[in-house]
Amino acid sequence: MTMYVKSNTTGKDMLSLLEWNKEELIDIIKLAVAMKTNPAHYSHILSGKILGMIFDKPSTRTRVSFEAGILQLGGQAIVMSSKELQIGRGEPIKDTAHVMSEYIDAIMIRTFSHEKVEELAYHAEIPIINGLTDLHHPCQALADLMTIYEWKDQLEGVKLAYIGDGNNVCHSLLLAGAMVGLDIRLAMPKGYEVDETILATAENLAKESGAKIFVTEDPKHAVTDADFIYTDVWTSMGQEEENAKRLADFGEKYQVNAELASIAKPDYHFLHCLPAHREEEVTAEIIDGNHSVIYQQAGNRLHAQKALLAAILEAK
């Protein structure tokens, strides 16, 4: 077997990033860059491997990037929803996990409850990948780190401002940044802060890595001299009934626009995990402008997840 990361990560889950250490994450990022540069070299390393994908939430980037990724590595994908499985009719997750482990080599699941993913991982004998839950979005964070690394050729000390809702994307970005040494500034209104336990975990990780974490209600304090400005939608899937209140609570103050971006570094880059609501969390001028790298960032979902698959499956 060829080792594609320095440590033996075969069989590891990816649930929240916390199953991995700094060195392993950086290895994945560097492998992702190598795969992007020379995809043909890796085109058969997962020959014969099957990835099962379970979707309880709509998906564009997660589904297409994972399905294309396993195919580009020589493997295959089976796409399912819980409604198509007996789990949707009440079969215990324990039984589903054990049975799936007899058929396929890994499961990627995109669902609402993070506890559901943890229970699946507890019972399964194969690696489980969190493709998004209400609490975490680790695969997005891998693509985010890769994009930052491509532009800066480093991660430590890079200044990243996140403006908006303290949601799953923010949680994973915060943990990832704390692990690798980013200078992270979060700006969000009261009532939309990040989970307290996740923030405390990130602060402990930052002590080990040298990362900096600064939380404020003032977007201008966060964005000042930033290398990257990141935002996400103010209303996530399942929160549609709260949309009017959320729009009012965030308002123009938390919108990434030309005025706010003007206090970042002159060569800053704009990030967004997509889908985006133009003229809400970000203006069209910014997201479609020269500083925006959102399509590179979205494209890196493919490469980062290919590297993850190579790391957790027994690549040839």
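Heads up, the Cβ atoms here are built off N, Cα and C, so glycines get one too.
Within N168, N290, N300, the residue that Swiss-Prot lists together with D232, S236, M237 for binding L-ornithine is N168. Taking the Cα of M237 (L-ornithine binding site) as the reference point, the closest of the binding-site residues S59, R61, Q86, C139, C273 is S59. Largest Cα-Cα distance over the residues recorded as binding L-ornithine, namely N168, D232, S236, M237, equals 12 Å. Cβ environment of S236 (L-ornithine binding site): D134, D165, N167, N168 lie under 8 Å away, each six or more residues apart in the same chain. The Cβ neighbour count for R61 (carbamoyl phosphate binding site), using a 10 Å radius over every protein chain in view, is 21. Considering only the binding-site residues S59, Q86, N168, the Cβ with the fewest other Cβ atoms within 10 Å is that of Q86.
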